[in-house]
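Step one of this worksheet: look at the structure below.
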């Protein structure tokens, strides 16, 4: 009888949730955070152990393409294309089943989970595809030489699977809520602005005026250049590029703020500033 109780105790200990490492937190202030999920799972485990009912532990992680996102559970999405935009930046497309939509609102983001050298890491990324895109979503990711998640992303190939959870984010764009939006974006900080741009220019009834100031090193290094040039053709969209290392042009550190201050003075209507 004693051995059976000892075996049962050991079995329950093996089912106990593992406390996350600091590297598993993306640091973006998401709710629920990975540590919130751990506390939830720990309470669930304690209740199941007390009642000796393993069914209370809940379901397992999905291993196939889902039809609906979950902010609490990582779900698998298949990579359908990997497009290298620059030497260190990628646009990655993920497939959605049955031409479904991701279900994010403009301004929300997702959490990506990666595993490198048996270490789990998590980072936040904003999809750049339109909110109403069917059958896919896309993300813009810059890789760094010493970045752990960068090593994971650079290993991706079409047909691979990556795990995401979400949506997260407390800012929700509403049509005509503001007379004007001033968007300040540097590098891949452009990503959160893209779905909002899509939302405004795809809606003929949205008369919000947009000024986007994008900061990049060179003209060749501007992300999504063709998309931005297309957006600039709309009557209510102005786009400026601040280039720090353009051929024949070298901007001082003070030049960027001067451009921003000038645009602020030009805002003639109620203006909201989005900075990333």
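The backbone N, Cα and C atoms fix where each Cβ goes, and this holds for glycine too.
Keep in mind it's a predicted model, so treat the numbers as computed, not measured.
Annotated domain 'FAD-binding FR-type' per TrEMBL: 72-174, in sequence order.
If you look up TrEMBL, you'll see 123, 125, 140, 142, 149, 150 marked as FAD binding site. There are 22 other CB atoms within 10 A of the CB of residue 125 (FAD binding site), with all protein chains counted.
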Entry from the binding-site residues list 123, 142 having the most other CB atoms no farther than 10 A: 123
Which of 140, 149, all binding-site residues, has a Cβ with the fewest other Cβ atoms inside 10 Å: 149
Residues of the domain 'FAD-binding FR-type' (72-174) by DSSP state, where helix covers H, G and I: 10 helix, 50 strand, 43 coil
Additional residues around FAD, ordered along the sequence, whose Cβ is within 8 Å of the centroid of 123, 125, 140, 142, 149, 150: 112, 139, 141, 143, 147, 153, 188
